[in-house]
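Copied over from Swiss-Prot, here are the features:
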ACT_SITE  LYS10  active site
BINDING   PRO101, THR102, GLN103, ALA104, GLY105, LEU106, GLY107, GLY108, GLY109, SER110, THR111  ATP binding site
ACT_SITE  ASP143  active site
Amino acid sequence: MTHAFEVYPKVNIFLKILYKEGAYHKLISRMCLVKGQLKDIISVKNAPSFCLKGNFDCPLEENSLFKALQILKNFLKSKKLSHSVIKSLDTLAIEVEKNIPTQAGLGGGSTDAGGLLYHLNQIFDLRLNLEELYTIGSLVGADTNFFISQYKSANATSYGEVIENFEEKPLENRLEIYVPDNIFCSTKAVYQAYKPKTCFYQAKEWLKKPSLECLKTCDRSELNDLLKPALLTHQALKDIESQLGKEWFFSGSGSAFFRLKPTQKGSE
């Protein structure tokens, strides 16, 4: 048995912070998948023992794929699924051709974890419904559920783990991504630097806006509440941002920017 699949990054068309609850921030966001040259390729096959290969920047225990697999196994045990199915997950060789950077606001680790959970559910005929997969995904990381969903465009609420499909003409082939070299944004550090000025009360209106309208009527600072704190924590990022044209927007907590492909700007 060998299965291979591709996973793609996301960008946040908008990301608005509502308020802080405990250690984390409640937010609303529109996530869009971007299908281009930037992608990870994951292969899964049977092996004598578990093996995870890839150009990762963290210890195994912190790897999102490893975490997703452990949480999935515990969930299946709680459902009292066949022991042979759970045992087969212990003898997988997973190899990742890693191209999507982490700490870039593109869902680098969550992309792989969400894709793996979605495909393992199909490969092993686990028959988990979307809500069950979301329960697992939310324990892996906030962005994971967007990648489990396989939606091309979705609203994310709560801490980013509550996903709802947003019906619109997909932008997946109309966006291009720019990732600055050697700038890595810690999500935790950027959120810690965030200082709310006023409470945000327009969540419902924003969640109804088509993504294209957002990009055509708002600037990057207005669309993403994390841009300013990211620039405060990274002088090199601030230098780059100051040289970018208005057509560039900021994704997540950074460091990546994105825009509508210039050749297609006037197509609608």
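Cβ coordinates come from backbone N, Cα and C, glycine included.
All features noted in Swiss-Prot, drawn onto the structure.
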{"residue": "LYS10", "record": "active site", "Cβ within 10 Å": "31"}
{"residue": "PRO101", "record": "ATP binding site", "Cβ within 10 Å": "20"}
{"residue": "GLN103", "record": "ATP binding site", "Cβ within 10 Å": "20"}
{"residue": "GLY105", "record": "ATP binding site", "Cβ within 10 Å": "30"}
{"residue": "GLY107", "record": "ATP binding site", "Cβ within 10 Å": "29"}
{"residue": "GLY109", "record": "ATP binding site", "Cβ within 10 Å": "26"}
{"residue": "THR111", "record": "ATP binding site", "Cβ within 10 Å": "25"}
{"residue": "ASP143", "record": "active site", "Cβ within 10 Å": "30"}
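In this structure the alpha carbons, written CA, of GLY105 (ATP binding site) and LYS10 (active site) are 8 Å apart. Here the Cα atom of THR111 (ATP binding site) is found 8 Å from that of LYS10 (active site). The two recorded residues, GLY109 (ATP binding site) and ASP143 (active site), show a Cα separation of 9 Å. Cβ proximity to the ATP site centre (mean Cβ of PRO101, THR102, GLN103, ALA104, GLY105, LEU106, GLY107, GLY108, GLY109, SER110, THR111, cutoff 8 Å) flags the following additional same-chain residues: PRO9, ILE100, GLY252.
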